[in-house]
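Written out below as structure tokens is the structure these notes cover.
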Amino acid sequence: MAEAEVKDNEVYEEDLVDYEEEVENGTDGGANAANASADVVKKGYVGIHSSGFRDFLLKPELLRAIQDCGFEHPSEVQHECIPQAILGMDVICQAKSGMGKTAVFVLSSLQQIDPVAGQVGALVLCHTRELAYQICHEFERFSKYLPEVKVAVFYGGVHIKKHKDLLKNDCPHIVVGTPGRILALAREKDLSLKNVRHFILDECDKMLDSLDMRRDVQEIFKMTPHDKQVMMFSATLSKEIRPVCKKFMQDPMEIYVDDEAKLTLHGLVQHYIKLSEAEKNRKLNDLLDALDFNQVVIFVKSVSRAAELNKLLCECNFPAISIHSGMTQEERLTRYKNFKEGHKRILVATDLVGRGIDIERVNIVINYDMPDSADSYLHRVGRAGRFGTKGLAITFVSSASDSDVLNQVQERFEVDIKELPEQIDTSTYMPS
């Protein structure tokens, strides 16, 4: 079968979209806080979040290709997976069809691959010819400005000599195929897998559920180097098959999407504290004194509270930095880079950074103000431990409405969030 032209797929990109966030005067419990800054007019702003692929620090060539497609708004799966995937981390992800999971491994592979003549650097396996064909063309679409990167697809139904000739005369850097054909080429030494650095299974449960196909995948896997990135994706991923997937991986980042297409994160220690509004500042001070952390993000509900709390923390000898919509885009970017580079350990922020801020060293999130929904809560606390490391989330509960949201979180995500104990084991939230 001859390779055809590219077909559409749901991959998204945007030019930093405008949002609005609440502007409110005063910190209700800020007895020790400085006076509020001048009123800030509620307005649109350009957000520092990964609502566009540019915030993932992708190659300009990839961003240009995405922009050419005219896609916007990365899906939640892309928000959560891509920052980990482009760093070479093992990933296991369950996401419904149409949620853009293909883009995760296509973009992350293209971002990382260093093409060397005659060497296959990335291998993608899937269970059908049609899917292999589609994936190959997604690679071609997004590598259109990376002419040095060669992609090829191999599957049954095509005379194997054609594939052998291609491998001999114009060896691709990225190979997509079905296990049977890939294994045949590898066994006959036409396809060398000794330089593969990215090993990807799409619709992995379909391949690993079938014993025959699983044997093929295992044999192929053993032909690749031990030191490589492994990513697995599927539209359905039962609890029974997940342990099988993990046998191929080392401490993978796990992301699962439920029936309502919302994101569920795992492995985060979560607690709440019941207190009055006036007690928040003192309790926050105590927590920052008592907890061990690399970096911490403190979420508040408005621009004025972010500015106030940041000033208060600095006055209390906690070197903090804040990001909110009352700043220019340039100032927000500068502050974000300062925090990302570790110049500051404490970030006070609004929901402006509730999505897509991916900083490996952040291991604690504190909800100084309760978010307004379970989904917002999820995205906030997901800032901690985002690269497979341990994390801790602490939420202040000071009103009946706060309790309502906390209950919604527990019901929605089937998680039991307990009150913060007097003593908490550092090993539960600090990377070893």
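Here the Cβ of each residue, glycine as well, is placed from N, Cα and C on the backbone.
Marked as coiled coil by Swiss-Prot: 1-28. For 51-79, the entry in Swiss-Prot reads motif 'Q motif'. The domain 'Helicase ATP-binding' annotation in Swiss-Prot covers 82-255 and rests on sequence analysis. Look at Swiss-Prot and you will find Ala95, Lys96, Ser97, Gly98, Met99, Gly100, Lys101, Thr102 tagged as ATP binding site, backed by sequence analysis. Residues annotated as motif 'DEAD box' in Swiss-Prot: 202-205. For 283-428, the entry in Swiss-Prot reads domain 'Helicase C-terminal'.
Remark: Ala95 (ATP binding site) has Ser75, Val77, Lys101, Phe233, Ser234, Ala235, Ile255, Val257 as non-local neighbours, by Cβ distance under 8 Å and separation of at least 6 in sequence. Under the three-state DSSP scheme, Lys101 (ATP binding site) falls in the helix class. Cβ atoms under 8 Å from those of the motif 'DEAD box' (202-205) belong to residues 92, 101-102, 105, 124-127, 131, 135, 232-238, 241, 245 of the same chain, restricted to positions at least 6 beyond its ends. Remark: secondary structure over the domain 'Helicase C-terminal' (283-428) totals 61 helix, 28 strand, 57 coil, with classes taken from DSSP. Classification of Ala95 (ATP binding site) by DSSP places it in coil, neither helical nor stranded.
Ranking the binding-site residues Met99, Gly100, Lys101, Thr102 by other CB atoms within 10 A of the CB puts Met99 at the bottom.
When DSSP labels each residue, the motif 'DEAD box' (202-205) comes out as 2 helix, 1 strand, 1 coil, counted as helix, strand and coil in that order.
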